[in-house]
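According to TrEMBL:
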| type | residues | note |
| --- | --- | --- |
| REPEAT | 7-48 | repeat 'WD' |
| REPEAT | 50-91 | repeat 'WD' |
| REPEAT | 135-176 | repeat 'WD' |
| REPEAT | 178-219 | repeat 'WD' |
| REPEAT | 225-266 | repeat 'WD' |
| REPEAT | 267-308 | repeat 'WD' |
Amino acid sequence: QIQFKILRGHSDTVSSCHFCFEDTKILSCSYDRTVKLWDVEKDFPIQVFKEEHTSPISECNLTPDNRRVVTSSYDNTVKAWDMETGKTLWTVDHEGIVTSCNISCNGRYVVSGSDKENSMYVLDAVSATVVAQMRGHHKSAITRCCFDPDNQRVASVSYDKTIKLWDMVTRSTSVAINEGHSNVISDCCFTSDGQYLCTASWDKSLKIWNVKTGDFRFLERVSLTQGHEGSISSCFFSQDASLVVSGGYDKTLAIWDTDAGCKKLTLKGHWDWVTDVAISKNKSWVLSASKDSTLRLWNIEEMDHIPSVIEIGKARGSKVVQCEECEKPFLCLQRSDCEMVSKCVFCR
C-alpha cells in the first residue's frame, strides 16, 4: 500500500542520503567513492562528484545555502566540493579514517569524527583550518557527530555506548551520558528546534532525550522499542518532530509516532542493511540508503489511511474518524479536541 521508487546508480553501499533543494533533489554518497545529486522527479543522478576520494565515503552533507558539499572518507580526509562545478575546494587530512561529518546550520563550521585516538575535529568551513581537536573524545570510534540547530553544541555517539554534548563556546564536554544504551550507539539527530536528541543503537532501541533541560541525562523522554529485529543503524526526525524514521540491519525501516512512543509502520523492500534514512519537510516521502547499493523513496502521504496503522492507533486510544472530504478513515491524533476535526491532514 506504500508506493516507492528505487534509485539505482551507485555500485557499492550507499552510506548517506539527504533531501535538499526544498525536497526536489537528493544527495547521496557511497563506498564506490562517489557523491551523487539526484532529481526526485526524474529518478536519476543529475550531477556526480568523483575521482577525489580514494576510499569509501562515509558521509556527505550540504551547506544551508546549497553551494557546497562536505564529505568524509576512509581515506583519512574531509573534503569540500563546489556544488556548481563539482570541483574540490579544500581537503583536510586526518590521522585516521573519518567516520562522520556534519555542517553547522549557519554554514560556518564542519565537525568530523576520526577513529585515530577516537578524536573529534571542528573545522572552519571556509578556510579549512582546525578550530578545535578533541583527542580521546570517546573511548572507542565515533559513529556519528552533528551540530544542534543553534550551532552551540555538537552531539557525538560512539562504539563505547556513550552520548556526549560538546559546547562550542566553552570548548568542553558539557554533558556525557554513559548508560543510555546497552550496545553500540550508531546514530543521533536533533529535532529542528534543538529541544530533543534521538539516539539509535545496536541494542535495537531508539531513545529520545530532552536536551534543553538540565536534568535530561536522567529524564529519558521516550524509549522506542520493538521496531526492528536487529541492530538499528540510523534515525531521523521529521521537521515537526511528530515522526521519527529509523533504519536497521534487518533491512527494514520503521516509522514511529513520537508523541505516542510507538511504531506506526514498517517498510520492507531493501535486500541488505539500511544504512541511512531521511524524511522530506512535508512528510510526504521517506528516503533510505542501503548496503544493497540503492536508495528508495517511499511515499507515506496515505500512511494514516492504512488499516494496520489505524488498528495500532485504535489500540492506543486514538480516535478513528471518517474524513468528510475523501471519505477515508483516519487517525485523529489531536488528543484534546479531536472531536472537532472532520477532515484528514491531506484534505484540510
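Backbone N, Cα and C define each Cβ position, glycine as well.
Not measured: the values here are computed from a predicted model.
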Recorded stretch, among 7-48, 50-91, 135-176, 178-219, maximising Cβ pairs under 8 Å relative to the repeat 'WD' (267-308)
7-48
In this predicted model, the repeat 'WD' (50-91) has a mean pLDDT of 96
